[in-house]
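To start, the structure itself, in structure tokens.
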Amino acid sequence: MRVILLGAPGAGKGTQAKFITEKFGIPQISTGDMLRAAVKAGTELGLKAKSVMDSGGLVSDDLIINLVKERISQADCVNGFLFDGFPRTIPQAEALVKAGVELDNVVEIAVDDEEIVQRIAGRRVHEASGRVYHTVYNPPKIAGKDDITGEDLVQRKDDTEETVRHRLSVYHSQTKPLVEFYQQLAATQGKPKYSHIPGVGSVEVITGKVLEALS
């Protein structure tokens, strides 16, 4: 089971990724984790990536693709893998095809922007304990105060509406073409299977739809 999971920040990808990896016994691979692991292991590619990152540069697609090939050749990928947040761009997707990396499924978890803004911008955090509340879905007993200590709750900088909308616009500009790329690939080559899943409703309902798409 070789899967790409697409979805905007706040669409609930993390929950579904955890379910898929546990259900099929496959690792979740994100480029960030992969880069850190390669750097830590001191592989030739890892050292190359480190020198680029140390000088403040962006790791090239070529290097990323080679790291991906190195990563998916490891023993834990024998039953497949789940790419999380990769590929991000058309050149990366094209390079994957060119490198002969086979994929079975591309699953997009789609949630309306306004729903995502409400989900994320409503989060409030008690910094000392890490307890998370939501102004609509899980409000504290007293607005703006932690239930246990009574201390102030804060909104993280990443959770402000302005930041969320910016991240969404970046996601759409990068990912919309990717969706079309994989739809086209599925239509012309029959693989990978592309599935569009509405990410609203209970976790169980969405998980059921994901499972159906992967079967």
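In case you wondered, yes, glycine gets a Cβ from its N, Cα and C as well.
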Quiz item: Among 30-59, 180-209, where does Swiss-Prot put the label region 'NMP'?
Solution: 30-59
Quiz prompt | Among Gly10, Gly14, Arg123, which are recorded as binding-site residues, the nearest neighbour of Phe86 (AMP binding site) by Cα | solution = Gly14
Quiz item: What is the three-state DSSP composition of the region 'LID' (122-159), stated as helix, strand and coil residue counts?
Solution: 3 helix, 12 strand, 23 coil
Exercise. Measuring CA to CA, name the entry from the binding-site residues Gly10, Gly12, Gly14 that ends up nearest Arg156 (AMP binding site).
Key: Gly10
Exercise. Measuring C-alpha to C-alpha, could you say which of the binding-site residues Gly10, Gly12, Gly14, Arg123 are within 10 Å of Val59 (AMP binding site)?
Key: none
Quiz item: Using DSSP, how many residues of the region 'NMP' (30-59) fall into helix, strand and coil, respectively?
Solution: 22 helix, 0 strand, 8 coil
Quiz item: Record lists Thr31, Arg36, Gly57, Leu58, Val59, Gly85, Phe86, Pro87, Arg88, Gln92, Arg156, Arg167 as binding AMP; longest Cα-Cα distance in Å?
Solution: 31
